[in-house]
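Copied over from Swiss-Prot:
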ACT_SITE  78  active site, charge relay system
ACT_SITE  153  active site, charge relay system
ACT_SITE  177  active site, acyl-ester intermediate
């Protein structure tokens, strides 16, 4: 096996035994990037020189015995997480040359462990999209079928992991942006509980929904990554001071004593692809065969999640993105003759169509006379959705559902139909609105060879139950070693 194809835990064993060095591992990853990146287009910025320097430092650390789980491991980072010395573009013309003056807390945590950052990966502009086609710096393709989308907005994160162009990646999830691309690219993705991972240094889209998470080749790797980036951060007022468990310790526990909930509103949803439904139902049977109990649960207000989300998220985005006006940093239109013209031209030329659309929607929802009719009502629906989850978790530990209604669709199929694109996240939005953790784990493949993920959702801070359930499902399905033919 080539070093770039290793999982994190496999690489960890070889590094600890001195059977491979971090420099050798990192060079292997960059050789792989050189071969397949022109096909996939996962990266915005490569950091070969600094990565090899970090790998050499990791090797020195390995010799001295100061080893952490991620020491010497090459990882990619979604390009809306701030990195000192490495531009952070948000896949937007507005920030195309922006160099952050500080590292995000999660980046500090990775560097403290001695991880190697390979570069910044592509995304939908400012994380607004479900296909990674809304990037000002080029679209990313699905490694399993280069004519298809990888999902979004963390499409570069998922594609880089699936294509073995890193051993793991950081992403962010505002309405499904980790779980949906993880499903489409056949990798594991975790959106943690809101407040579990610091958002300091994450460029904001919708602050009450955004959450940094991880994408990995298998469940064990995802657990290792999540443990590494979790924990309280005084720099983030929404960060929760709660002890971080060893998530990987949940991997080899059986499912006896665990209860899974089947939400019929999701399983019987209109527009659900039959192959996706079959994959979810088979996964439920796998978990029952391994000792899990199964009950039906109801999320009666889930049908309103899309409507509520597309009021709340654009409203918060319109506020967060007001800071990009061409004055302090970022793109500035050089042809404006007045301050007001500079604002208008900068924002109309610096933001793409989808970002402009959501800013306009959000501004309208917050405008005088419409706040109560839209934003307040959406916030009330959000509370009802959170209550639905609370009631469901009184009878089960983990809810099993689809991640997306269909496998990955073709590039360009939905770019001119925003409403159809928005419905791609119909099964993932509710977890963000409720602030609960969600996870996508590979469950099988479509008849055309495209990956299909299964979503697992747990109560607040019950990520160990997600990992436990996902690991057992992974063992039963036994497709973690299947790779795209690039």
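Placed from the backbone N, Cα and C atoms, the Cβ positions cover glycine too.
What you see is a predicted model, and the numbers here were worked out from it, not measured in a lab.
Under the three-state DSSP scheme, residue 78 (active site, charge relay system) falls in the strand class.
Same-chain residues at least 6 positions away in sequence with a Cβ under 8 Å from that of residue 177 (active site, acyl-ester intermediate) are, in sequence order, 123, 124, 127, 130, 152, 153, 154, 171. Around the Cβ of residue 78 (active site, charge relay system), the number of neighbouring Cβ atoms within 10 Å comes to 32. Residue environment of residue 153 (active site, charge relay system) contains 34 other Cβ atoms, counted within 10 Å of its Cβ in all protein chains.
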